[in-house]
Amino acid sequence: MRKGTTFTRFIIEEQRRIPESTGEFTLLLSSIVTACKEISDDVNRGQLINVLGSADTENVQGETQKKLDIISNEIMIRAMEWSGNLAGMASEEMETMYSIPSRFPKGKYLLVFDPLDGSSNTEVNVSIGTIFSILRCPDGITDPKEEDFYQAGTQQVCAGYVLYGPATNLVLTTGQGVNGFTLDQDIGEFILTHPKLTIPERTSEFAINMSNQRHWEPAIKRYIDEVVAGEDGVRGRNFNTRWVASMVAEVHRILMRGGIFLYPRDNRDNVTKGRLRLLYEANPMSFIIEQAGGSASTGRERILSVQPEHLHQRIPVVIGAKEEVERVHRYHIEMDKELNGSPPHRQAN
Ligand code: F6P
């Protein structure tokens, strides 16, 4: 007999701890996980079932969509719309929010998701994933508008991702710590393999797309110059680097062994406000990282406190080991003071 707590058992036991629970949330999570198993299967068999490559369409952010982006989005919508737990959905791949069709009952939650993050990696068989965030539909609202999704990350009821890598992992938080599961392909169930995940405060591993270096603000240049200088510089120790170009994989690595991930704002036209999306990338990942003992910042403020202003809002992301994120934050404060003419806080290096 196999050992281990199944995801189904895990969420039902969690539900039992909350006496007033109706089971709605448990069913919602269960439907999300079923959808992700289907996406996992398509990703896994991609080449064989001819779902790789470009769809020759663009999403709302002007990015070329992959066939698998569209298929994954469709899987999520079809798996979730009938469930009766949701009042609305929003996705990276849809310009406007998705209203639950009138033939289905509505529920008290809102779901935001990136159906296939890092999808530029599909053809090269590198890890990608689905990211999701569950919000409460504001009281008294049964027909939500887009504004009802504009809730700060602190309001999230649950955040999670499913990583489609050598193994398929589900990582989840409801604000009571972070738990990780691995899909047992033979029985089609996620098994609790990484209970109570925590990340070390200190790290010697960083992830950033170095090809953007010339566009960065001075605070990021300073931080990266220092870690690259290693034991010959002010940090006095060597750092290693990684870049997968798939945020799910980067965050997963940080949860497994520590690290810091940065996608800062820079001076390119489309990145002045950051590259990653607040509602369905930065917020869920920040919730998970904070719950695991890490930090998540724009460089200037806590990501989870940012008030969203639209569905596809972009935001700078500095996420991971507390000590490093706090250092990057300090460098931004010092840079802003210098640029605003206040006395420099530090000696120039
Ligand atoms: O859209 C998100 C994303 O694919 C992330 O998963 C990843 O971290 C980032 O974009 C990669 O960006 P770039 O192609 O600029 O390295």
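Backbone N, Cα and C define each Cβ position, glycine as well.
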*Return the residue out of E250, E281, E290 that TrEMBL annotates for the same Mg(2+) 2 site as D114, D117.*
E281
*Residue in E92, E93, E95 which TrEMBL records at the Mg(2+) 1 site where D114, L116 also bind*: E92
*asked:* For a three-state summary based on DSSP, what are the helix, strand and coil counts in the domain 'Fructose-1-6-bisphosphatase class 1 C-terminal' (199-332)?
replied: 63 helix, 25 strand, 46 coil
*asked:* I need the neighbours of the Mg(2+) 1 site defined by E92, D114, L116. Which other residues of that chain put their C-beta within 8 angstroms of the C-beta centroid, in sequence order?
replied: D69, S72, N73, S91, E93, F113, P115, D117, S119, T130, I131, Y280, E281
*Across the listed substrate-binding residues, D117, G118, S119, S120, N209, what is the farthest Cα to Cα distance, given in whole Å?*
16
_Annotated binding-site residues E92, L116, G118, S119, N209, filtered by Cβ under 6 Å to ligand 1_ = G118, N209
*What is the one among the binding-site residues S119, S120 whose Cβ has the most other Cβ atoms less than or equal to 10 Å away?*
S119
_Need this for a regression test: binding-site residues D117, G118, S120, filtered to those with Cα within 10 Å of E92 (Mg(2+) 1 binding site). What's left?_
D117
*Would you mind pulling the DSSP three-state label for G118 (substrate binding site)?*
coil
